[in-house]
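Novice: Got a structure for you, questions after.
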Amino acid sequence: MKHYLSIDDIDSIPSWLSLAAECKKAPLKYRKLGEGKVLGLLFFNNSLRTRLSTQKAAFHLGMHCMTMNFGSEGWALEFEDGTIMDQGKAEHIKEAAQVVSQYCDVLGVRAFASLTDKEKDEAEMVLNGFKKYASIPILNMESATGHPLQAFADLITISEHSQKKNPKIVLSWAPHPKALPHAVANSFIKMMGQNPQFEFSITHPMGYELNQDLVQHIPVSYDQNKALKDADFVYVKNWSAYQPYGAVLNNDPHWMLTQDKLGQAKFMHCLPVRRNVVVEDRVLDGNNSLVIQQANNRTYAAQVALLKILESL
Amino acid sequence: MKHYLSIDDIDSIPSWLSLAAECKKAPLKYRKLGEGKVLGLLFFNNSLRTRLSTQKAAFHLGMHCMTMNFGSEGWALEFEDGTIMDQGKAEHIKEAAQVVSQYCDVLGVRAFASLTDKEKDEAEMVLNGFKKYASIPILNMESATGHPLQAFADLITISEHSQKKNPKIVLSWAPHPKALPHAVANSFIKMMGQNPQFEFSITHPMGYELNQDLVQHIPVSYDQNKALKDADFVYVKNWSAYQPYGAVLNNDPHWMLTQDKLGQAKFMHCLPVRRNVVVEDRVLDGNNSLVIQQANNRTYAAQVALLKILESL
Amino acid sequence: MKHYLSIDDIDSIPSWLSLAAECKKAPLKYRKLGEGKVLGLLFFNNSLRTRLSTQKAAFHLGMHCMTMNFGSEGWALEFEDGTIMDQGKAEHIKEAAQVVSQYCDVLGVRAFASLTDKEKDEAEMVLNGFKKYASIPILNMESATGHPLQAFADLITISEHSQKKNPKIVLSWAPHPKALPHAVANSFIKMMGQNPQFEFSITHPMGYELNQDLVQHIPVSYDQNKALKDADFVYVKNWSAYQPYGAVLNNDPHWMLTQDKLGQAKFMHCLPVRRNVVVEDRVLDGNNSLVIQQANNRTYAAQVALLKILESL
């Protein structure tokens, strides 16, 4: 039984990429694989792309979907062991995960970082709670510290649009009015960092250093202009500070990505994106934006992850 | 590729009516037409009839449905061009519509009038936003200024129950505690007004004049009793003032429809209806009420609209 | 046409039990029975097990499901006759039930007790409102006074784990921070009480007497320790007072079920359960807990109820 919790669960990137290409060409080819199987999708947070693309992927594989907004439709979950549950939480993850495992064959879970409790977020309290107590495979639909479906869709997109053997790819921080999680940035960094063919670097203002366990040997620059020079792909994303955890240190509009800064590079973003805050209209409306293709590839990323899970059952 | 945005998108009313009759007799006859196709239903507002009847219609056509309450499950959408999105809106319609187009083959959208911003409502900001940026057919599940699925279901109902060649049909305003949109009235007026065989008129209190572009040559009376005389069908509906836009000018209970006023006419309403405010119990519980049949015909109206869309793909 | 409103709608318990066992062994055996049929699931309250297990059961029977959170997605319903609906309620149960009957073949309804209006709760205002005006079979997914799907799942679980001809079964009240309905306790009592082979009794603190019409000749003890002695199955559940209706009289932690009290008996609870308030961790995490099996049997309880309904159409 295989999970898809992080990109570490991809056994072979080349074979996943070629499977994604195959699914994109013939989406219904594996429609018998999921027949009679139930995919439960549990949302602890809002979702547009993940919600619809994962259902679409399941549909391609012949699976039956049951979606549930856990917060508003179910019961508030307790994740701590040994608690006296006399407050707001009505159900413990131990029961919830075991119970749901009996109604589903695969379980998708979406649960963002709290950005207030670093320890719980790092421990992936919700995702790992389900992993620990469920008896079925778990599909990460964005967790506190990672978004592996997004990262795989991003990789598919880069592989489709790369015209060089060693493309230069830059992850650039951008301003945003709200504190956002690190999940997308984390998974993208892991995905890019493990491919030696990519010339990958990160740029962000001082203070926005990400988890150093992930960044490790990847070059980081505080000078956005220098970092973006001659880039082939610029991935823009806001994140809040990692230290102090979840803080919005500055919203310097000079970090917004402009067409001038982008030059001839391809523009990437996971969406939703705030126009003229994160990136200017000219970029999104220009020919070098890949954001719509990235979103389209979410379907095939989910389809490959589900397919690998189904094959492991 | 055909949309169903307004009743203007009906190419031939007689052929749509006969197709509706055919679908009603043999609901699953066209169940192969939608096989492998995905219908996305995006709700920006509450819905009972539209939500269930459109899913039922899709089921009859073999389509796969994905429903989503956009407001609570997705991201607040920005519709203006060029905005600096540093406030509450997290995603722009340009991205949302393009993205969703990749996950669905047909897209239903329900988005009521704001009743506060006449210009945006008249421009059908939400519906036309999706139409402009989506690359797939759009199905109007009630928009700011029209409800063409309701109007077609109403026409089916009238055609089933009319015993005259030239039935007299009256649209009568009724009191209501809240400000309601003009969508149902608008589409009904357009539908009735374009059929020269119908003797169609409107009655409402002074001040509740609707958009004159729609009403045009249709007789309007401020005298409800006179207007209802010898009617064959009385369609009752509240709407707020068009000028000043969205105002509740009066709630005169004398405008409530009673059995005495109805006489031998058939009673119609789109539902939901407030009993003993809009219409008295005796009418709704009497044999001349067609409201349940109207609601039933919503399934076949949606089925025909979807069928025409599917044929155009 | 058969409903499943209460356990009184079970025509033969032995045949339902053997059908449940058959469905559990071969879940898809009757998958043709529901083909082309639509199950509507209307939720007036939150739900995890019922929501997912009923959909799973419908999937096993080949039915198509449409779920709806009536409160947040539809219109507030009026249930009184003759009301002037000028307040918050937008639609009357008369219309809602008739309308929904046209879109579905079977209708599941979940509507908890208000615990404030005893008369309306006892009259099963919501459930019976749908029963009265709908023209299709109604499936009770927990109503004000009963939860017959849970009670049947409980019976399946007991029948699977009973090693005696005359097991001793005890229903024990437990503390809880919130006022909870009587539905689960009521249906369990009815289910147990009508089986002469069960040695069934109830224990609760003074003041927590349940509806005497249900309890009748069943032994009730205020002494939990004495009641639990030599029990084979201990079903733990909180409920609020029946008189004064809905009151929380005490939360005496001594009534929490502990492993010491449980002894060798099997532990049962409908879930969700508050750990270390209703029952201590050791019990739930021990080998004698049947709560996960009970939840699993919810699927087969629903499947048998739906199967019987489908056969009656």
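Quick reminder: no glycine exception, Cβ is built from N, Cα and C everywhere.
Just so it is clear, the model here is predicted, and its values are computed rather than measured.
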Novice: With B:Ser47, B:Leu48, B:Arg49, B:Thr50, B:Trp75, B:Arg110, B:His147, B:Pro148, B:Leu149, B:Gln150, B:Cys270, B:Leu271 listed by TrEMBL as carbamoyl phosphate-binding, which of these, B:Arg31, B:Arg298, is given for the same site?
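Specialist: Among B:Arg31, B:Arg298, only B:Arg298 appears alongside B:Ser47, B:Leu48, B:Arg49, B:Thr50, B:Trp75, B:Arg110, B:His147, B:Pro148, B:Leu149, B:Gln150, B:Cys270, B:Leu271 as carbamoyl phosphate-binding in TrEMBL.
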Novice: If you count the other Cβ atoms within 10 Å of each Cβ, which of the binding-site residues B:Leu149, B:Cys270 comes out on top?
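Specialist: Per the Cβ count, the most surrounded site is B:Leu149.
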Novice: Let me spell it out: for each of the binding-site residues (B:Arg49, B:His147, B:His176, B:Arg274), count the other Cβ atoms within 10 Å of that residue's Cβ, using every protein chain shown. Which one has the most?
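Specialist: Highest number of other Cβ atoms within 10 Å: B:Arg49.
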Novice: Can you see whether DSSP assigns B:Arg298 (carbamoyl phosphate binding site) to helix, strand or coil?
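Specialist: Once the DSSP labels are grouped into three classes, B:Arg298 (carbamoyl phosphate binding site) ends up as helix.
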Novice: Name the residues of the same chain, 6+ apart in sequence, whose Cβ is under 8 Å from the Cβ of B:Ser47 (carbamoyl phosphate binding site)?
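Specialist: Looking at Cβ-Cβ distances below 8 Å from B:Ser47 (carbamoyl phosphate binding site), excluding near sequence neighbours, one finds B:Arg110, B:Met141, B:Glu142.
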Novice: Of all the binding-site residues given, B:Lys237, B:Arg298, which has the fewest Cβ neighbours within 10 Å once its own Cβ is left out?
Specialist: B:Lys237
Novice: Measure from the Cα of B:Arg274 (N(2)-succinyl-L-ornithine binding site) to the Cα of every one of the binding-site residues B:Arg49, B:His147, B:Leu149, B:Arg298, then give the nearest.
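Specialist: Closest by Cα: B:Arg49.
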Novice: Cβ within less than 8 Å of a chain A Cβ is the test here; which of the binding-site residues B:Ser47, B:Arg49, B:Trp75, B:Cys270, B:Arg298 meet it?
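Specialist: Listed binding-site residues meeting the cut-off: B:Trp75.
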Novice: When the number of other CB atoms within 10 A of each residue's CB is tallied over all shown chains, which of the binding-site residues B:Trp75, B:Glu142 has the maximum?
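Specialist: Selected residue: B:Glu142.
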Novice: May I ask you to pick out the binding-site residues among B:Ser47, B:Arg49, B:His147, B:Leu149, B:Arg274 with a CB closer than 8 angstroms to chain C's CB atoms, ordered by sequence, or 'none' if no residue qualifies?
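Specialist: Contact set vs C: B:Ser47, B:Arg49, B:Arg274.
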Novice: Among B:Ser47, B:Leu48, B:Arg49, B:Thr50, B:Trp75, B:Arg110, B:His147, B:Pro148, B:Leu149, B:Gln150, B:Cys270, B:Leu271, B:Arg298, which the record lists as binding carbamoyl phosphate, how far apart in Å are the two most distant Cα atoms?
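Specialist: This binding site's residues have a maximal Cα-Cα distance of 30 Å.
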